[in-house]
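Participant: TrEMBL feature annotations, pasted as is:
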- 191-213: region 'Disordered' (REGION)
- 45-64: transmembrane segment (TRANSMEM)
- 97-115: transmembrane segment (TRANSMEM)
- 168-185: transmembrane segment (TRANSMEM)
- 233-257: transmembrane segment (TRANSMEM)
- 269-290: transmembrane segment (TRANSMEM)
- 297-316: transmembrane segment (TRANSMEM)
- 322-341: transmembrane segment (TRANSMEM)
- 362-381: transmembrane segment (TRANSMEM)
- 387-407: transmembrane segment (TRANSMEM)
Amino acid sequence: MIKRSFYYLWGSQTISNVADIIYMLSITVLVFSSSNSLMQTTLIPLFRLSAQVVSGLVAPIILSRFRLTRILLFSQLGQFVIFTLLLLYLWTVPGQGSFLFIFVMVFGMSFLDGWTNPARNALVPRLAIGEGLMRANSLVAVSDQVVKCAGWALSGIVVAWLGSLNTLLIASCCYLLAATVTSFIRDPLDSQGSSSESPIPATQPAAAESKGSHWKELGEGWRIIWHNRRIRSLMIVDSIDTIGGTSWLGVFILAYVTQVLHKDASWWGFMNASFFSGMILGGLVVVGLVKRLQKNSYLYMLGALFVYVLITVVFALNTIPVAALVLFAVSGLPVQMAGIIRRTLLQTSAPVAQLPKVMAGIDVLTNLGFGLSLLFLGWYADRFGMVQVYLLAAAMTTIAVLIGLFYRRDFQESAQVDHPTVKDSGI
């Protein structure tokens with residue numbers, strides 16, 4: 001069952017994602033056109049990633065003290081205020097603005113945005129129950145990919161047509177609209193007079209820990225990740241898979257297109273579009289097969305990863321451009337399926353009250369793993385070439401699948417974490 005508030009959450013996050021893409025593209029174009037410096041322009045994603053990592057580290061304190069709906073609303077209203085200040089500043093001093101001020105504003109917005117993802121992922125299981133949870137995760141994943149696929153293409157046209165400053169005004173309106181939609185979300189736990197710290201089993205006394213030091217709260221999510229066998233198993237598999245999965249980042253695809261396929265940058269755009277199409281198709285397939293995937297979902301996840309391994313090996317050894325385009329599109333399907341199932345398993349592997357802190361810890365691990373993998377694969381690609389990069393990606397995912405099979409007994413237990421606090425609420 002999917003509650004009405006989920007659709008408000010889904011809508012607000014979709015609008016917010018649109019605003020993020022518009023604002024990032026506009027700021028990037030603005031800084032690059034004003035400075036003509038690639039180095040200064042690359043500071044934008046660096047400030048953004050750094051802010052999200054710092055935000056994720058302090059997120060457990062915020063998530064334990066405030067309701068998830070309030071955190072989402074505060075985050076989006078805060079981003080709207082900061083973004084409006086940035087917009088007014090750029091209008092006041094067009095072409096003469098301080099890049100340091102722009103970077104500080106980007107850091108502030110990204111810091112607030114760092115709370116959004118764990119809050120959203122923790123809120124979804126409260127608003128979607130049973131088969132509805134995987135369906136809800138599929139809808140979120142599909143909308144995310146549609147926004148990315150269409151957003152980057154259309155926002156580029158809008159920036160070229162209206163200019164960076166006018167496009168930023170559109171993004172500001174989107175942030176305000178997203179905050180307005182968020183205000184309609186109702187958390188079932190709030191309606192029962194529950195706080196985000198309860199109920200928690202006596203074996204894990206989070207209420208007592210919340211009265212202790214901030215350091216205990218900061219480490220609580222990490223302790224849950226380590227001591228919960230299911231979550232630990234999923235994170236080990238995911239971390240190993242991420243080492244190779246980073247190879248699908250745009251810069252590596254561009255290198256593959258030019259070095260292996262011997263095509264120009266236009267094929268880079270075709271490849272990205274085909275991959276997003278495959279991801280969208282994968283999300284829709286999960287929506288249609290929820291009942292089948294719900295049973296033995298962990299094995300379906302490993303199966304999807306194994307299919308991805310086979311596609312990656314063929315992709316690495318292929319030199320035919322059209323075949324590469326088809327393979328890239330097809331690879332998006334198992335990647336999306338595995339991602340949706342993994343997210344659903346994470347959401348159902350911890351009691352609902354602990355989930356926000358767990359998701360905050362997972363976000364930090366994911367960002368750090370992504371950054372380290374990016375540095376490693378960049379060095380590996382320069383030394384061995386793109387064919388070896390994708391063969392390495394296939395090898396790492398194969399290892400992840402084998403380790404996943406070793407941990408499969410953790411997901412065969414009849415006792416599964418449930419959410420009795422939200423089952424009977426009709427919001």
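For all residues, glycine too, the Cβ spot is worked out from N, Cα and C.
Whatever TrEMBL says is automated annotation, not expert-curated.
Describe each of these features in terms of where it is and what it packs against.
Facilitator: Outside the transmembrane segment (168-185), and at least 6 residues removed from its termini, the chain residues within Cβ reach (under 8 Å) are 5, 8-9, 11-13, 15-16, 18-19, 22-23, 26-27, 69, 72-73, 76-77, 79-80, 83-84, 86-87, 90, 123, 158, 162.
Through the fold, the transmembrane segment (233-257) approaches residues 225, 263-265, 267-268, 271-272, 275, 305, 312, 324, 328, 331, 335, 342, 345-346, 349, 362, 365-366, 369-370, 373-374, 376-378, 381, 386, 389-390, 392-397, 399-401, 403-404, 407, 410-411 of its own chain, all at least 6 residues removed from its boundaries and within a Cβ separation under 8 Å.
Sequence-distant neighbours of the transmembrane segment (269-290) (same chain, 6+ residues past either end, Cβ-Cβ under 8 Å): 131, 134-135, 137-139, 141-142, 145-146, 148-149, 153, 248, 250, 253, 257, 324-326, 328-337, 340-341.
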Participant: Report yes or no: does the transmembrane segment (297-316) come within contact of the transmembrane segment (362-381), defined as 3 or more CB pairs under 8 Å with a sequence separation of 6 or more?
Facilitator: no
Participant: Which sequence positions outside the transmembrane segment (362-381), separated from its termini by at least 6 residues, show Cβ-Cβ distances below 8 Å to it?
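Facilitator: Same-chain contacts beyond the ends: 49, 52-53, 56-57, 59, 114, 117-118, 225, 231, 235, 238-239, 242-243, 245-247, 249, 251-252, 255, 346, 388-389, 392.
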